[in-house]
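S.K.: Quick one: this structure, given as structure tokens, is what I'll be asking you about.
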Amino acid sequence: MRKDRQNKITEVGIYLKDLQNRLCRAFEKEEGESRFQETLWEKPNGGGGRTRLLTEGHVIEQGGVNFSCVYGNQLPPAATQKHPEISGFDFQAEGLSLVIHPRNPYVPTVHANFRFFIAGKDEADPRWWFGGGYDLTPYYGFEEDCRHWHRVAKKACDRFGEAIYPRFKAACDDYFYLKHRNEPRGIGGLFFDDLNEWEFKRCFEFIKILGDSFLEAYLPIMQNRKNHPYGERQREFQLYRRGRYVEFNLLYDRGTRFGLEFGGRTESILMSLPPRVVWRPNWEPEPGSEEARLYEDYLVRRNWVSVSGA
């Protein structure tokens with residue numbers, strides 16, 4: 001039983017580290033000269049990881065692609081909130097987290113996460129599950145970008161049944177929502193947790209197909225918008241909207257809570273936060289402006305893959 005558990009951890013880890021390498025290479029190609037700087041970290045008797053951070057790039061103002069593999073004798077509260085019956089189990093967890101904060105306000109911020117947990121007591125049959133997804137946070141909306149993003153996500157999901165995309169799309173809309181602002185963080189994507197409804201091999205295959213689809217979903221958007229002209233107004237709005245990103249990650253994000261409760265490397269956990277941000281109390285967009293359109297047409301629940309988008 002223990003060998004089977006370790007085999008699962010090893011298999012998932014090999015894929016996630018390879019995905020980390022591919023993602024970093026792809027973004028470095030977009031940058032030209034800037035490179036991710038790698039930091040290896042260890043937690044005594046608790047695992048470790050490799051953090052890769054790119055800062056002050058031409059295209060990417062700050063971006064992180066992190067891999068971690070941690071273990072312990074008790075799951076942090078953030079991981080057992082929905083399953084208190086496993087709160088006393090020892091565990092192993094692996095994950096890849098990506099957040100890219102582009103410099104150009106017309107390029108959306110993007111987030112992706114793929115994770116695997118396995119927990120058990122003694123040699124009992126371990127419980128395992130996958131979680132993750134990806135979501136997009138534009139500052140200025142383009143219909144074609146949103147449709148492309150969601151159509152790639154749907155294509156990846158449809159290999160596992162037509163009900164998967166609507167289910168995980170709805171879960172993403174629900175999760176990435178700022179209740180105190182009464183608004184979504186962005187235009188969504190896919191989100192899932194506790195995925196173990198299929199056998200391990202099929203669940204893992206889903207993770208791999210989703211992970212492999214990420215660059216197809218995001219890179220064309222970055223490539224099409226990274227040279228879009230912008231001025232001080234657009235930059236200020238980007239910094240203002242980044243405040244919502246900070247609020248969500250510090251108030252609601254379960255991955256952030258898990259990492260901090262576990263006692264992981266703080267710098268790696270908080271790499272999701274943008275390098276520059278502003279808050280403007282009581283600010284409202286000018287009616288009819290591009291900024292107003294973001295709220296009216298994009299920060300709403302929509303069926304992005306339909307012809308009408310209604």
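First residue shown is number 1, and so on along the chain.
Cβ coordinates come from backbone N, Cα and C, glycine included.
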S.K.: Can you say which of 65-100, 245-280 is given as region 'Important for dimerization' in Swiss-Prot?
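M.R.: Result: 245-280 is the stretch Swiss-Prot calls region 'Important for dimerization'.
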S.K.: Between the binding-site residues His101, Arg115, where is the Cβ count within 10 Å the lowest?
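M.R.: Looking at the binding-site residues His101, Arg115, the Cβ with the fewest others within 10 Å is that of Arg115.
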S.K.: State the count of C-beta atoms found within 10 angstroms of the C-beta of Arg265 (substrate binding site), not counting that atom itself.
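M.R.: Arg265 (substrate binding site) is surrounded by 18 other Cβ atoms within 10 Å.
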S.K.: Please report, as numbers and ranges, the same-chain residues at least 6 past the borders of the region 'Important for dimerization' (245-280) whose CB is under 8 Å from any CB of it.
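M.R.: Counting only partners 6 or more residues beyond its ends, the region 'Important for dimerization' (245-280) has Cβ contacts under 8 Å with 39, 41, 43, 46, 49, 51, 53, 55, 61-62, 64, 66, 68, 70, 72, 76-79, 81, 95, 97, 99, 101, 109, 111, 113, 115, 137, 176, 178-181, 185, 236, 239.
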S.K.: For the region 'Important for dimerization' (245-280), what's the model's average pLDDT?
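M.R.: Its mean pLDDT is 85.
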S.K.: Have a look around His180 (divalent metal cation binding site) and count the other CB atoms within 10 A of its CB, chains all included.
M.R.: 9
S.K.: What are the helix, strand and coil residue counts for the region 'Important for dimerization' (245-280) according to DSSP?
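M.R.: Breakdown, helix to coil: 23 helix, 0 strand, 13 coil.
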S.K.: Please report the Cα separation of Phe114 (substrate binding site) and His150 (divalent metal cation binding site) in Å, rounded to an integer.
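M.R.: Computed Cα spacing between Phe114 (substrate binding site) and His150 (divalent metal cation binding site) is 18 Å.
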